[in-house]
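As recorded in Swiss-Prot, the features of this protein are as follows:
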- LEU126, GLY130, HIS131, LEU132: (6S)-5,6,7,8-tetrahydrofolate binding site (BINDING)
- HIS234: site 'Plays an important role in substrate specificity' (SITE)
- LYS235: N6-(pyridoxal phosphate)lysine (MOD_RES)
Amino acid sequence: MSVTSEVQGLRALNEVDPEIAELIRLEERREADTLRLIASENYVSRAVLEATGSVLTNKYSEGYPHKRYYEGQQQVDVVEELARTRVAKLFGADHVNVQPYSGSPANLAVYLAFAQANDTIMGLGLPAGGHLTHGWSVSITGKYFKSVPYGVRESDHRIDLDQVRDLARAHRPKLIWCGTTAYPRTLDFAAFRAIADEVGAILAADIAHIAGLVAAGVHPSPVGIADVVTSTTHKTFRGPRGAMILCKKEHAGAIDKAVFPGLQGGPHNHTTAAIAVAAKEASEEGFRAYARQIVVNAQALGRALESRGFRLITGGTDNHLLLIDMTPKGIAGKPYAQALDRAGIVANYNSIPFDPRKPFDPSGLRIGTPAVTSRGMGVAEMERLAAWMDEVAQNVNDEARIARIAAEVAELCRGFPAPGIRL
């Protein structure tokens, strides 16, 4: 083996690092042979994968298009401009920034743009379905700001807008978040806007979970209502692991300055390219049909589970996810999620509103339909899935039965090939 080939990196992955190559192969097989119900996961297209793994990862590009600190940006500037203009057109936004590395940095940029340390902020509490970065105590956002969390009603587990209004009037927050990670109902952005206006707060909408549904017109859009909108670019958007910030024209300078140089250095250009590809895909009619089917499947799965004795938080869903209280089934969320995983059905245990159990061993399970819908599955498959989930719930310790279900799941998966995976 020549020194030149060693230094130049001419060898393939399976030659250089067979251990990592084998782990990737095993992950491809796992993703192909299991039903992925984690609401924040999805399959990206082959085109998105190709962009993510491109030579654009080699280029450093501090700054913004045509205002860089490095030369050699001829292609990169065009890539970023395409990503920004495609996202702006898709959502009807005045201004777009596609440089945040992920959802949490995007949210931190919003704080940097609009708030000072110790300012009061409001967001949905984590136990009620909110996100860590909306001011929860263990997050840096809960340590650097005075966080006033709002919640959901105990009667129906829907966001308590009366409480939001009362808390806003009492605490006069600088910033109000409306966004969720485990909330299956439509968000009333206009109601949040009215509350923010009453107290003079900036309204920030975090649509990380529902961006694909918003882009397709399946969920109401906060663009033009909220001052600023953040989102990851994976989940229902089916893009790479990145993020984007959409805002009104008057906030463009503050947002861009907060992202760079406020929080980050050079953007990940390979991710930017993949965001551009995902935005192009999301603009097509096929994506709109796909987004509609996500919701149809989630509602069908919810009905099928409810008919089998599962208790759905809020009684159903308007979007891509379901939150389930496992108490009536006599099993906690964690052991149930682990049993499902052995059966080839991948979900995550999750706290439910007013959960008496601890977060690492909660009462609930969160599931979503983006990934199974990406495989082309429909209502009939949701019925089969509910039957398997019920069988597992009743036979958590029956490993022979669970192994049989796993084999049946793998057989179903072979009929619906996973996008982007070539075995």
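Positions of Cβ are set from backbone N, Cα and C atoms, glycine also.
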Densest Cβ neighbourhood among LEU126, LEU132 (binding-site residues), 10 Å radius: LEU126
For the (6S)-5,6,7,8-tetrahydrofolate site built from LEU126, GLY130, HIS131, LEU132, further residues of that chain with CB within 8 A of the site's CB center: GLY123, LEU124, GLY125, GLY129, THR133, HIS134, GLY135, TRP136, SER139, THR181
Residues that sit under 8 angstroms from GLY130 ((6S)-5,6,7,8-tetrahydrofolate binding site) by C-beta distance, when 6+ apart in the chain: GLY123, LEU124, TRP136, PRO149, TRP177, GLY179, THR180, THR181
Cα separation, HIS131 ((6S)-5,6,7,8-tetrahydrofolate binding site) to the residue listed as 'N6-(pyridoxal phosphate)lysine' (Å, whole number): 15
Cα-Cα distance linking HIS234 (site 'Plays an important role in substrate specificity') and HIS131 ((6S)-5,6,7,8-tetrahydrofolate binding site), given in Å to the nearest integer: 16
Among HIS131, HIS234, LYS235, the one of these recorded positions whose Cβ has the fewest neighbouring Cβ atoms within 10 Å: HIS131
Mapped DSSP class for GLY130 ((6S)-5,6,7,8-tetrahydrofolate binding site), helix or strand or coil: coil
